[in-house]
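Going by TrEMBL, these are the annotated features:
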type	residues	note
DOMAIN	1-333	domain 'Glycoside hydrolase family 29 N-terminal'
SITE	Cys262	site 'May be important for catalysis'
DOMAIN	344-432	domain 'Alpha-L-fucosidase C-terminal'
Amino acid sequence: RYEPSWGSLDVRPLPAWFDEAKFGVFIHWGVFSVPSFGSEWFWWYWQKEKREPYVKFMDTNYLPGFSYEDFGPLFTAEFFDPNQWADILKASGAKYVVLTSKHHEGFTLWGSKYSWNWNAVDVGPKRDLVAELATSVRNRTDLHFGLYHSLFEWFNPLFLEDATNAFKTRKFPISKSLPELYEIVTRYQPEIIWSDGDGNAPDTYWNSTGFLAWLYNDSPVRDTVVTNDRWGAGSICTHGGFYTCSDRYNPGHLLPHKWENCMTIDRSSWGYRRDAQLRDYLAIEDLVKQLVETVSCGGNLLMNIGPTHDGRIAVVFEERLRQVGAWLKVNGEAIYGTKPWRAQNDTVTPAVWYTFSPKEGKVNAIFLNWPVSGILELGEPQAKLGETQVKLAGYKELLKWVALGEKGMVIALPQLTPQQLPCQWGWTLQLTEIN
């Protein structure tokens, strides 16, 4: 059994499914989706920091005295079709999904006993959005279902009181944050608890180790659940399950500990923004590059979308997700279930990233630029004459190659028209019998 201490909790092995999954979809959805302006931090920027664009937006479009709480009933979700969401998630090739059950605004997407009149069952949609998505994902896909939960809440009076007392009092975690965590685990049995928002309070204030000991020892998901590293000030990149280290974390080299790159398709926001321009969204080439770099360095990619207040996944997000899924249909063997190889990227040709498929003993060289010459030079693999075979994923014939001395090889790519290419945006060479 695990003790409620980091020394004990940190030795728990990460359930194998998480490393094998490689790719998940993050969903930021809440009351902030109603103003859908600037950022999901709308309330904080408007009321606390009083940033000019946010103040002006409210002055121009809403009556004096309109409060953030007044957005609650406008979070309507009338077009929310959890089956359609599940089908899009499945088509993306993702193996897990993480839904924001509660962001820093404190509004819960389930009918929490601990969030009276500030939850999706009492206000707004009058639906248990967490339950509906969990059911559809489990019935229609093989994705693992996870939940994001913010420890702190910007404007909760109990939290603000504890903060004033330098966190010597613990009214907020005892009456709100911890009961919610136990509630979502017992009710929805998520296989990921993605914690966030420590409010600069230490893990002892949150009793994170006590909760995690229960989660790993006695909860209904004790054998399969994975957690991240955001459990109190100072725990990030140090304690917990997989490391996130920072938002959009992509170190570009191998790390000794399992990690995740959580990033957004919209460069500037996690929640939906009506004021976003097309150039604010990452192109599919950018997303494939992020996925390949992340996986080759031992990480998972968690790619975020922000649905609208009425429950739609905007067409631009759907398109990006389906494009990633189309790419993974051809190249998935070089991603799912792989391990990092001895080299992460090539020493001779830039934008070539390696993964290793242990079951087949294959080295995968994923290259993001198709060379004009039709010749690809790789500096890392040591090929063996008469034994090494080179295949292009999605193409039938074996490719011709020549070894370069001790290390390295030159590969002749097939002469294909753009229409004949097995996929776009990046291609995989599968190398067998490589030293």
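Even glycines carry a Cβ here, placed using N, Cα and C.
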* Asked: For Cys262 (site 'May be important for catalysis'), which residues in the same chain are close in space, meaning a Cβ under 8 Å from its Cβ, but six or more apart along the sequence?
  -> Phe26, Thr244, Asp247, Arg248, Tyr249, Leu302, Asn304
* To do: Using DSSP, break the domain 'Alpha-L-fucosidase C-terminal' (344-432) down into helix, strand and coil residues and give each count.
  => 0 helix, 37 strand, 52 coil
* When the pLDDT values for the domain 'Alpha-L-fucosidase C-terminal' (344-432) are averaged, what is the result? -> 96
